[in-house]
Amino acid sequence: MFSLGSWLPALPGLAWGWALLDALLQGLVGACAVSVLCSLLKVYLYIQCMNNPERQVEKEAIAARRPLLEPLHVLVLTGVLALVGSRVAALVVLEFSLRAISTILSLGKGAHSSQLYLLCQYSLGCGVSCGLSFLLEGAPHRSWNLALAAGLAGLLALHARRLARHVCALYELHSRARYCGICILLLAAGHGIPRLLHNALAITFAVADLAAVELINRDFLSTGEAVRFWTPLTICYTLLVVYMQEESRQSTGRGLVFRTVMVRMGSLFILLLTVGRWTDILHVFVSLLGELWCLLHSGVLLESCWRQ
């Protein structure tokens, strides 16, 4: 494997240092993807609240400025995604994909896609990280490719954040006065943001699922080992999805979301105790922190989705 470090003399610990840099860059790309998702959902939910006089309190909560929270969110999520191993990240992606398919099939029964987009934040970061790890495996100058991807992702996240800030500050005035081209465009086509996110996430998770399966299978030396891993995993995930669907029909709100996270990570922890490695157990705890951090960061948006 060639990377930026391959051009430098072989020194003790140098390879480890460049591997850490690659992991941080992958994590940064994943964190920027989550930031773009949150910014676009913030724009959509703000417009929905502005169009409903009964939701003015929600609109003010969404528009509240937190200048340091967003950079901190990206920084923490970058660190979490860099620490999580590819094996656990792949399992998180596959679990969410099953859950998303089940939820989409039940949309006609009252499930809300906006809430699903918020619940996929950490899984999206893991999916982007898995996809990059798979696509760039063995690529010449891997570190340069990751640096370019991180730069582009950072610019996209920055512009999405500026769009959300602009909408929260000026959309109400500009949409009435027909003054700003961006606000006029959102006035005409803002309702299509969920469809845009749906298509983008579908492509991202399709690539991530293929990468996740490949990243997991490369650790097995025989078909028998793969079967011994995939069989309990499939049974566990199927039961988990059925349980969460039943829970969502009986209750909603913040308590359900955090309880679901604990059940999912607890199930993954028990599964990896039997078929995983000790490093996988550590990565499950890191993933739990990442999931909780994403939910706490998007608490206001989740409340708006539930009331919607």
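Glycine residues also receive a Cβ, built from the backbone N, Cα and C atoms like all the rest.
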When you get a sec, could you say which of 116-136, 200-220 is annotated transmembrane segment by TrEMBL?
116-136
Contacting positions for the transmembrane segment (68-84) when only residues 6+ beyond its ends and CB under 8 Å are counted:
20, 23-24, 26-28, 30-32, 34-35, 92, 122, 125-126, 129, 157, 161, 283, 286-287, 289-290, 293-294, 297
